[in-house]
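Trainee: One structure coming up, written as C-alpha cells, with questions to follow.
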C-alpha cells in the first residue's frame, strides 16, 4: 500500500445517512483547518468544546499480520479473469526489497503511480476457509473512529470481519461483518438494520462488498455511525460514544473469493488466489472527550491528550484533584463542562466530589485537610475545642486543661472555665502555695523553710532545695554536709575533715565566740601597709577610739589585722566578719580588692560594696561580710568549699582597704570575727565532728593513728594516712615521715634492702632475710634472681664475672692465667676507630679489634680498608678514610682501589685526575675504557686545538667545519687562519651559492658582478619574473644611442682638453653646434637624474614599509621574550614541585619505617620490684612515650602521603603544560627566526638596490659637474641666455647632489638602525634558546634533587638506627643492672664514653639536618603561599603537643604497655600496607604530578618533622643517660611515689574503656560499609533503569510528521 495520513475522501454515498456524514465530514474538515492550541476557549476566554484534528490514525502505524508471503520465497499469479487465459506469475520474496509485500505497506504513503500492498500466502499454501488471517492495528491510545477503509489489490474477500477494542486490555468487539454468506459464516442476517430503541452497539453483516469483481482496486468503507438511530443526537448518546471509541482495530480475513476453479487443484490456479490489501485507513480523532485540541507524546513516548478545562488523564477523563465542585462530563457543543474548583475559603488545596453534597447544595466539592484548624465541607468553621477572634484569622486551640477546667471548649476569647483552686486562662496551674493539680484541686506545699527556696513544684509538690539539701520537703542535709540552717544560702555546711571523710555531724560542747578589736586602749596590734606591701603609718585616736590611715597619693593603703584574727580560723567558716568604717571624702573609687583574705597559698577578695554593703561615706557605717564561697557573696576568685575552709584553717592575712581617693583618710572601728570555742555558752552548731576512716584520728581526722604514716609528708594533715611499709622488719614508723626503725641487718626508709656487706631479699619479711656476702673483704654482692647465685658487684675496673675472673667488654687480658702468664685486663687499643657503645669491639683475650668503623681495618684499626684512603689516625672522623671513587672508564683494569695515602687512582694512557675522570688537554673519548684519543685538530682551522671530550669535535674558526676543522663550510671560501669567508652569491643571479676559490660567483645570463647581483647592460630586473630580463628590442636603439653619446662625450672631453692647451681652434659655428649638443646631453642627464630621484623616493617608501614590518616583528619578539620568561618561571616551579613531591614520598617512607622500628623496640619487661634502687621504670616509661609519639607520626605520615599522592597528579599536569608551553615557544622562535631571515633578505636586497641607485645618481651628478666645468671653462662667446641656462643646470645639479646626500644619510641611518634591531633580535633568539636549555635542564635538576633527598633520607635512617642501637644497649644495660650491681657501677663509669657517642650521633644528626635542609630550602619558596597548610600544620602540632602532654600525665603499667604496643604494631603494619599501596599508585602516577604549592609546604613541614624526630630521639636518650648517671642517688620515696602514680595510671587506663571504644568504632565502620553497599545497589538499579530508557529511546522514531488535512484531496 502507498497509504495516506488522511483517509480517502471519495466514499460512494449510499443510504439515507450519507448526506449527514458528508455534512459532518465537511464541518470536521473546516474545524481541522482552523485548529489551534487555544481553541478550547472562545475569543472571550470562555471554555468551549475542543477536539484534536481529524486524521488517518493508521498512517505509518505498524500492523501485525498473522500471515505474509515471502518466507520462504513463493510464486503467485495475477488473476486475469476466466479460466484458460494465460496468467502472469511473479515471485514474493521477503528477502528482496523490491519483491517483498510486508504488513508495513498497509499503512504507508498511498501513491497511485507506484502501488505497494500487503499480500498473504496463496491458496496453494493452505490459505482458505476455515483458516483465517488477522491484521491487527494498535493505535496506542483511544480514538473516536469515524470510518475504517480497506482497498484491496486483488478481489475483495468473500467473507471478512472488522473488530475493535475499547481498551487496550479489553476484549475484541465485533464492529462489522462483510460476507456473501452472512448467516452461514457469521450467523447474522444479511443487510440487517437497527430499529430505534434497539441495541446500537451490535455489529451488522452485509454482502454488498463480497463480489469477486473488481479483480483489483476494490474499496470497502465502514462508517461507524451509519445505520445507528442515535447518530443525530451523538453528544447525548453514551452508547454511541462508547461504540466509536477504539484503541485497536483488527481485520479478520475468513474466506477468499474464487471462480470455483480451485476444485481442480491446479497449482497455477491455486497460486492466483490470495489476500492482498494496498491501503488500510482509519479515520478519526484522538479521543479527548472535548477537553483537548491536540494529542502529544509524553515522557514515556505514549500518546496522551493535552488536557484543558481543568481535566487530566490520557483521555482527559478525570478532573484535576482540586476541581471537583461538579461531576466530570464529556464536553458538548452546548457546554464545555469544564471542571470547577472547590470552594475551601483558601484553607485547603485538596477536595473530593461528594454526590450527596452536590444533590443538596449544587456544589459537590468536599474539602479535606483543612488548614488553620478549620473544619466543614468548605473549611468554614473552627474545629471542636478551637476558637478564633475574627473570621479571617486562623483558629487556635483552646488548650483547656482536662484536669483543671470544667470543659475543654473555651469562649470566643480562648478563656477556659476553671475548677476551684485552679488558675490561668487554660486552667493549667495551681494558685501560689499549692501543688499537685488533680480532679479535686491543688494541695498546699509543706517545705522546710531552712532548706528550701521559694514555693514547691506545682506538679509534684516537691520542694526546691538549696544546693546542699535534699528530701521531698528539703528537710535534711545531703551526705557530706551538716548543720541545716535558714541563714546558710546553701542550706548545709560541707564537711571539712581535712578531706579524709565526708561523714560529719554537729560537734557538742562548742559555744559562740567573737574575736574583736574596739581600739579603746590602743591600736590593738593593727598596722597599715601600702599597696606594694611596704609599711605605712597608722594613727590611733584616744578620743574617737578608732584607728586611721592617711594617703598622700592615689595608691590605696590597707589596715592589716593582728595575729589573733589569723591562724586556724576554720571555725569561722560560714560566719561574719564585720567592722565600722568611714572616710573623710565622698570621692571614692572602689576596686575588686577592698577586703582581702590570704592563707594556705590561696587569696580571695571582694569590693567593699559587695554583699549588700553601702559605699564608703563620711558617716560611720557598719560593714558585714559572710565568709562563704557561695555566689551570693562574690569572693574572687571563686573557690570550692574545701578550698575556702582550707584558706581559713591557715589564715595568714586580713587586709581592709583604708583609703579610696587621693589625699584622703579612712577610719576603722569595732572589728569582729565570729568564731567558736570549746566551753559553755551559746551553742555553736556550725562546728563539725567527723567520723574518720581506718588509720585516722582526731575530731577533724587530722592525725594518723599508730602504725600509719603520711603518704605525702609535706602536706601535713591534708595528706592521706597509709600503713607503715617496713617489709616485716618493723611494726612502727614515724607518723609524719614514714621512716621505719629497721632491724635484722636491713636498711632503707622501708627496710627494703640489706645493709652493706649483706645480701638477700629483705622484702620476704623474716629475720634471716639478709646474710653476709661471701666476697673477700666483705665487699658488696648481689643475688642472681633466676639462679639464686651470689655474685660480687664491686670488681676492679676492666674485670667482670661472678668472682671478677673475666675481662669486661672493651678490655683484654688473662687475669687468671688460663692461657699463659697472668695478664691484667687492659683497655682495647683500636685507634679511636670503634663505636664505644658497641659490644665486642675487640677480642677479650688477644686485644685484636673486631669492629673497626670509619672505613678502617687492621689489628688496631690503624689502616684504611681497600678502596679507601686517608689518615685512619686523624682525630676528626670526617678526616679519616674516604672512598677512592675511581672512574671506571679511566682506571687501569677498572680497579676501584687507589693509593691508600694520596687517593690517586692508576689511570689509563692520556687520562688524568686523582679519580682518573678526565682526559689530558687535546684528548677525548674517556668512555672507551681504553684511554683517551688524540683530538688531531687542524692547526689553521681550529681555534685552540681542543675538542669535545665526548665526541672529539674540534672547535672551528668561523666558516670552517669537519671533525678536525679541515675544510670550509658550504658556500664559503678562503681557508686560512681567520676562517672561511661567506661567498654571499646572489641566489637569483648566480648559478650556485658556492663560489670559486677567489670568491667570484658564476653568474647566470644577464647578471654581472662578483656576487652576480647586478643586471648586465641593456638588461633589467623584473620583480614579477625571476632573473635579469633583456630589454625589449627598441632599447637596442637606446644602447646604440648611448654608445654614440659616449663617443661624442669622449670627443667633447678631448675638445675641452685641446681648448685648455690651445692647440686646436674651433670655429663659432662648430662651437655653437657642439654647445647645443652638450646642452641636449645635459638635459638628458637631468631627466635621468629626475628618474633616479623618483626611483629613490620609491626606495624610501619601501624602506618605510620595511621599517614598519620590522617594528611589528620586534613587538612580537618582545611578546615571545615575555612568554619565554613565563615559561622559565613555570619550568622552575615545575622543577620545585617535582623535587618536593619526590622528597615527600621519601620522607613519608622514612617516617613510617622509623615509627615501625621505634614501636617494635619498646617492648620492655617490668622489674620484679619497684622498690629496687636500680629500677629502670623511668626508662620504660620514656620508651612507651616514644612509641606513642611514633604512632602519631605514622598516622600523620599516612595522611601526608595520601595528600602527596593527590597533589602529585596536579604537579605533573603543570609540568606537562610547562613543557608544552616550551615546545610552543620553540616553535614560535623557529617561526620568528624564519621571518627574521626573510626580513633580513629583503633588507639586503634593498641595500643592494639603494647602493646601485646611489652609484647611478653619483655618476650622473659627477657627469653633470664635469660638463658644467667644461662649459665654465669656455670663453663667453654665446649669448646671456646660454649662460643662465648653464647656471640653472649647475644649481639643479647642486640641489640634486644635496638631495642624494640627504637620502644617502637617511639610508645609512636606517641601515644602522636595522643593524641594531638585527643584533637585538639575535640576542633575543639566543636568550630564548638559553631559556629553553634551562627548561630542558629542570628535569635533570629534579633528578639530582631527588637523589639528594634520598641521600638525606638514608643519613636520617642511619642516624635513627644508631640511636636505636644505643637504646637497645641501654635496655640491655638495664637488664644487667638488675642482675649485677657491679656491672651497673661499671656502666656508670662508661657514661663519659656514652656521652661522646651521643655527641657523635648529634654530629651525624646535624649532617642529616644539613642534607634535609637542602630539600627544605627548596620547599621554603612556597611558604608564604601556603597559609592554609600552615594552619593544618599548626593543628597537627597542637594535636601532637596534646598527645605528648597526655602521655606525660599517664604512666601505664609496663605489661599493659607491652600489649598496647603489640596492638599498635599491628595497626602500623596495616598502615604500612596501605601506605605501600598508596606509594605504588604514586610511583605509577609520579610523572603526572601537579601544581603543588600546598604539597611543597607540606613537604617542608614533613622535612622539619623528620629533623625534629631525630633531635627529639637523641634528646630522650640524653635524658635517659642523665638519669642513669644519677642512679647512685636514687630517692626511694620518689620510687614509691612513681609506683603509686603507675598504679593510678593503670586504673585510668582501665577507666578509659579503650576496648569498648574500639568496638564502637568497628561497629560504626560496619554500618558505613553496609550503607555503601546499599548505595552501590541503588546505583546499579539506577544504571539498569538508564540502560532501559536508552533502549526505549533508540526504538523511537527520529522525527514527527505534519501531513495535510485528511479531508483534502
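Placement of Cβ uses the backbone N, Cα and C atoms for every residue, glycine included.
Feature list, courtesy of Swiss-Prot:
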DISULFID  342-351  disulfide bond
DISULFID  344-367  disulfide bond
DISULFID  382-395  disulfide bond
DOMAIN    398-444  domain 'Laminin EGF-like 3'
DISULFID  400-416  disulfide bond
DISULFID  447-463  disulfide bond
DISULFID  477-492  disulfide bond
DISULFID  724-733  disulfide bond
DOMAIN    724-772  domain 'Laminin EGF-like 6'
DISULFID  886-905  disulfide bond
DISULFID  907-916  disulfide bond
DISULFID  919-932  disulfide bond
DISULFID  983-995  disulfide bond
DISULFID  985-1001  disulfide bond
MOD_RES   1149  phosphoserine
MOD_RES   1493  phosphoserine
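So that I understand the layout, could you describe where these features sit and how close they are to other parts?
Mentor: Note on residue 351 (disulfide bond): other Cβ atoms within 10 Å of its Cβ, all shown chains, come to 25.
Packing around residue 344 (disulfide bond) is summarised by its Cβ count: 24 other Cβ atoms lie within 10 angstroms of its Cβ, all protein chains included. DSSP assigns residue 344 (disulfide bond) to coil, not to a helix or a strand.
Listed in sequence order, the residues of the same chain lying 6 or more apart from residue 382 (disulfide bond) and placing their CB within less than 8 Å of its CB are 373, 374, 375, 388, 395.
In terms of DSSP helix, strand and coil, the domain 'Laminin EGF-like 3' (398-444) has 0 helix, 15 strand, 32 coil.
Long-range Cβ neighbours of residue 416 (disulfide bond) (same chain, at least 6 residues apart, Cβ-Cβ under 8 Å): 398, 400, 401, 405, 406, 407, 408, 410, 425, 426, 427.
Packing around residue 447 (disulfide bond) is summarised by its Cβ count: 23 other Cβ atoms lie within 10 angstroms of its Cβ, all protein chains included.
Around the Cβ of residue 492 (disulfide bond), a 10 Å sphere holds 24 further Cβ atoms from the protein chains shown.
Of all Cβ atoms in the protein chains displayed, 20 besides its own lie within 10 Å of the Cβ of residue 724 (disulfide bond).
Note on the domain 'Laminin EGF-like 6' (724-772): its mean pLDDT in the predicted model is 88.
In the three-state DSSP scheme, residue 886 (disulfide bond) is classed as coil. All protein chains considered, the CB of residue 886 (disulfide bond) has 25 other CB atoms within 10 Å.
Annotation for residue 916 (disulfide bond): same-chain Cβ neighbours under 8 Å, separated by at least 6 residues, are 886, 887, 890, 891, 905, 906, 907, 908. Classification of residue 916 (disulfide bond) by DSSP places it in coil, neither helical nor stranded.
Of all Cβ atoms in the shown protein chains, 25 besides its own fall within 10 Å of the Cβ of residue 932 (disulfide bond).
Taken residue by residue with DSSP, residue 995 (disulfide bond) is part of neither helix nor strand, so it is coil. Residue 995 (disulfide bond) has a Cβ environment of 23 other Cβ atoms inside 10 Å.
Sequence-distant contacts of residue 1001 (disulfide bond), defined by Cβ-Cβ distance under 8 angstroms and a gap of at least six in the same chain, are 983, 985, 986, 989, 990, 991, 992, 995, 1010, 1011, 1012. The secondary structure of residue 1001 (disulfide bond), as reduced to three states from DSSP, is coil rather than helix or strand.
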Trainee: Go ahead and report the DSSP secondary structure tallies for the domain 'Laminin EGF-like 6' (724-772): helix first, then strand, then coil.
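Mentor: Tallied per class, the domain 'Laminin EGF-like 6' (724-772) gives 3 helix, 12 strand, 34 coil.
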Trainee: Quick check for the class: what is the C-alpha distance, in angstrom and rounded, between residue 492 (disulfide bond) and residue 447 (disulfide bond)?
Mentor: 16
Trainee: Say you check the Cα of residue 463 (disulfide bond) against those of the disulfide-bonded residues 344, 724, 932; which is nearest?
Mentor: 724
Trainee: Would you mind listing, in sequence order, the residues at least six apart from residue 733 (disulfide bond) in the same chain with a Cβ closer than 8 Å to its Cβ?
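Mentor: Set apart from residue 733 (disulfide bond) by at least 6 residues yet with Cβ under 8 Å, we have 707, 709, 724, 725, 726, 739, 740, 741.
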Trainee: Relative to the Cα of residue 344 (disulfide bond), which of the disulfide-bonded residues 351, 447, 477, 919, 932 have a Cα no more than 10 Å away?
Mentor: 351
Trainee: Pull out the disulfide-bonded residues from the set 447, 477, 919, 932 whose C-alpha sits within 10 Å of the C-alpha of residue 367 (disulfide bond).
Mentor: none
Trainee: Quick one: pull the CA-CA distance for residue 919 (disulfide bond) versus residue 447 (disulfide bond), whole Å only.
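Mentor: Distance (Cα to Cα, whole Å): 111 Å.
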Trainee: Have a look around residue 985 (disulfide bond) and count the other CB atoms within 10 A of its CB, chains all included.
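Mentor: Other Cβ atoms within 10 Å of residue 985 (disulfide bond): 23.
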Trainee: Report the nearest neighbour of residue 342 (disulfide bond) in space among the disulfide-bonded residues 447, 477, 932, comparing Cα positions.
Mentor: 447
Trainee: Inside 10 Å of the Cβ of residue 907 (disulfide bond), count up the other Cβ atoms and send me the figure.
Mentor: 22
Trainee: Measure from the CA atom of residue 351 (disulfide bond) to the CA atom of residue 447 (disulfide bond) and give the result in Å, rounded to a whole number.
Mentor: 58
Trainee: Where residue 477 (disulfide bond) and residue 351 (disulfide bond) are concerned, what is their Cα separation in Å, rounded?
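Mentor: Just about 65 Å between their Cα atoms.
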Trainee: For residue 905 (disulfide bond), what is the tally of other C-beta atoms lying within 10 angstroms of its C-beta?
Mentor: 25
Trainee: Measure the Cβ-based neighbour count of residue 463 (disulfide bond), defined as the other Cβ atoms within 10 Å of its Cβ.
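Mentor: Other Cβ atoms within 10 Å of residue 463 (disulfide bond): 25.
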Trainee: Please report the Cα separation of residue 932 (disulfide bond) and residue 351 (disulfide bond) in Å, rounded to an integer.
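Mentor: If we compare the Cα positions of residue 932 (disulfide bond) and residue 351 (disulfide bond), the gap is 106 Å.
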